[in-house]
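Working notes, structure below.
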Amino acid sequence: MKTKAGFVALIGKPNAGKSTLLNTLLNAHLALVSHKANATRKLMKCIVPFKDKEGYESQIIFLDTPGLHHQEKLLNQCMLSQALKAMGDAELCVFLASVHDDLKGYEEFLSLCQKPHILALSKIDTATHKQVLQKLQEYQQYDSQFLALVPLSAKKSQNLNALLECISKHLNPSAWLFEKDLMSDEKMRDIYKEIIRESLFDFLSDEIPYESDVMIDKFIEEERIDKVYARIIVEKESQKKIVIGKNGVNIKRIGTSARLKMQEVGEKKVFLNLQVIAQKSWSKEEKSLQKLGYTHQRNRD
């Protein structure tokens, strides 16, 4: 069997549809999806097998990254650091741009990325044929920069094979790097954490999801049931009250939604215990961020 394997950094502005694309390619719910921008905070490896036209069985290891953005808050700097690290580690990049975005995000990407890349135009199902053609023409001025320009829709599964074919074409022959049926090397407790965070985005509005995070305090993995004890961390007592809700209605909704998604992903029953705490300025303190698994790589002179 002829095989290929390689790491591919998936880069884009917030809300470009990176996580939706990966979940569609995997046919599974692993990456956090939200209608709110900038929901993804950590790098995640997603492993997609693909047989290309040349007969190669390719193992494409996508590095799902936080959206490219610049803010002074330390948490946001940690997120940008992860995206930059992914670009450095990958042998190929895919820049995902919404058909509704201007070209500034891609121009910023070009200033940061030194690796060969494919430009993918997402959400074409939400635009007219004329709008898609116009946007493709706008990007053509950079045709010497990218390997290929692929319009696609993750929601409608349009042109996804074309993207995978293009990626596989530019990977080198190699033995597979992971087991055949593995979709991610993420630990289940980390996947469960992201599912709880996704439920926060689903049920809470305004700034609260962005000023909150989740700490898994205890995780017990048994044959028939997983037991998860977690804390939702917010910055203000007023936010804590909103997360809990009157008579606990909000925290019950968040917990029920998260538990059902966990059971679907883990394919077993899940017991979920959620607590809510207020911790002032957690997103600005390096020690707090390290406990939550965030790291910041500072630039060296």
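Using N, Cα and C of the backbone, Cβ positions are placed for all residues, glycine too.
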Residues flagged as region 'G1' in Swiss-Prot, choosing from 12-19, 52-59, 220-227: 12-19
Range annotated as region 'G2' - as stated in Swiss-Prot, picked from 38-42, 253-257: 38-42
Range among 2-5, 102-105, 122-125, 126-129 that Swiss-Prot annotates as region 'G4': 122-125
64-67, 156-159, 284-287 - the one Swiss-Prot records as region 'G3': 64-67
Stretch-averaged pLDDT - the region 'G3' (64-67): 74
Neighbour tally for ILE124 (GTP binding site), based on other Cβ positions within 10 Å of its Cβ: 22
Composition by DSSP (helix, strand, coil) of residues within the domain 'KH type-2' (204-280): 33 helix, 29 strand, 15 coil
